């Protein structure tokens with residue numbers, strides 16, 4: 001049975017009777033007395049955030065959830081789920097989120113939608129779907145809020161076809177009217193499944209439904225166009241934003257900077273960067289990475305290195321993408337000395353750099369008869385006290 005069929009079946013086979021999960025007894029809300037003697041929310045949050053052992057994180061989180069105030073802390077829920085996902089402990093994600101069903105908060109749509117979203121961030125779409133199906137049993141209404149959370153959960157789980165199916169089927173079944181957030185989620189899903197033309201076509205549908213495309217709508221389409229090499233389409237979307245007086249933000253500028261960089265349009269790129277600064281917005285590391293990319297694409301390594309220095313001058317730290325651009329480009333240009341110095345800087349200043357990027361550096365050094373230097377990099381990557389990486393040293397024959 002398809003995911004959509006299971007959702008629809010669950011949607012219409014649940015009875016709207018006040019019933020809570022049998023997995024746990026419903027916990028009543030704290031009285032004024034118990035609230036007064038409960039640990040402060042800040043200390044509970046610190047206990048959870050400060051723990052590093054996944055099992056202990058779960059234990060402390062579940063204990064902290066007994067506090068009503070703690071259960072309103074969206075950030076700590078999000079952070080805890082992300083940490084458990086990073087540790088590949090999805091069963092622990094399920095444990096802490098299923099624990100929430102014993103609280104009456106689950107009868108509030110906002111709280112239920114949050115749990116659906118968290119399951120989505122963990123890629124656990126079936127659990128998200130189950131929470132959505134169970135909402136009527138908890139006398140919890142399902143409006144566009146929880147509908148959007150479900151769409152997002154499937155998108156984050158990369159079930160793009162299901163997002164499209166749910167968007168087309170559920171609103172009519174549940175008497176829900178999709179809003180601009182619904183459309184934005186669908187557009188993101190279509191872009192991520194390489195259906196850019198269908199995503200762009202939704203602009204007309206949005207307006208025909210009496211809705212107004214917002215900055216998220218346009219930024220999604222703009223970035224997807226430039227990333228997929230559809231430069232002219234990206235320029236059309238940019239022009240439409242200007243025509244409709246959409247308030248352009250830093251992400252809009254960064255998307256177009258990337259598009260111009262990929263096309264090696266240096267003059268337009270520099271002009272747009274100047275326009276960005278004149279607008280009152282502050283360029284960020286993504287802006288500078290685009291400028292670095294543009295310089296590299298035109299073979300101007302001196303300019304690329306100058307833009308790199310601007311990142312720190314503007315109060316930012318270079319990211320993995322910065323080094324993924326610069327290190328291979330330096331090697332390609334035969335400037336191994338600069339590449340080695342940049343590598344050393346990443347570790348001395350504790351900048352994050354990807355393992356794939358460093359492996360490329362090692363490979364290029366060996367090809368360039370710099371085996372001794374390559375060996376040093378492999379050793380530093382393995383023995384440093386910041387970011388231990390296992391790099392492979394190519395054999396002499398390779």
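Cβ from N, Cα, C; glycine included.
Quantities reported herein were computed from a predicted structural model and do not represent experimental measurements.
In Swiss-Prot this protein carries:
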- 1-19: transit peptide (TRANSIT)
- 108-142: repeat 'PPR 1' (REPEAT)
- 143-173: repeat 'PPR 2' (REPEAT)
- 179-213: repeat 'PPR 3' (REPEAT)
- 214-248: repeat 'PPR 4' (REPEAT)
- 249-283: repeat 'PPR 5' (REPEAT)
- 284-318: repeat 'PPR 6' (REPEAT)
- 319-353: repeat 'PPR 7' (REPEAT)
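As a summary of secondary structure, the repeat 'PPR 4' (214-248) carries 26 helix, 0 strand, 9 coil according to DSSP. Counted with DSSP, the repeat 'PPR 7' (319-353) comes out as 26 helix, 0 strand, 9 coil. With DSSP classes pooled into helix, strand and coil, the tally for the repeat 'PPR 2' (143-173) is 27 helix, 0 strand, 4 coil.
Within the model, the repeat 'PPR 3' (179-213) carries an average pLDDT of 97.
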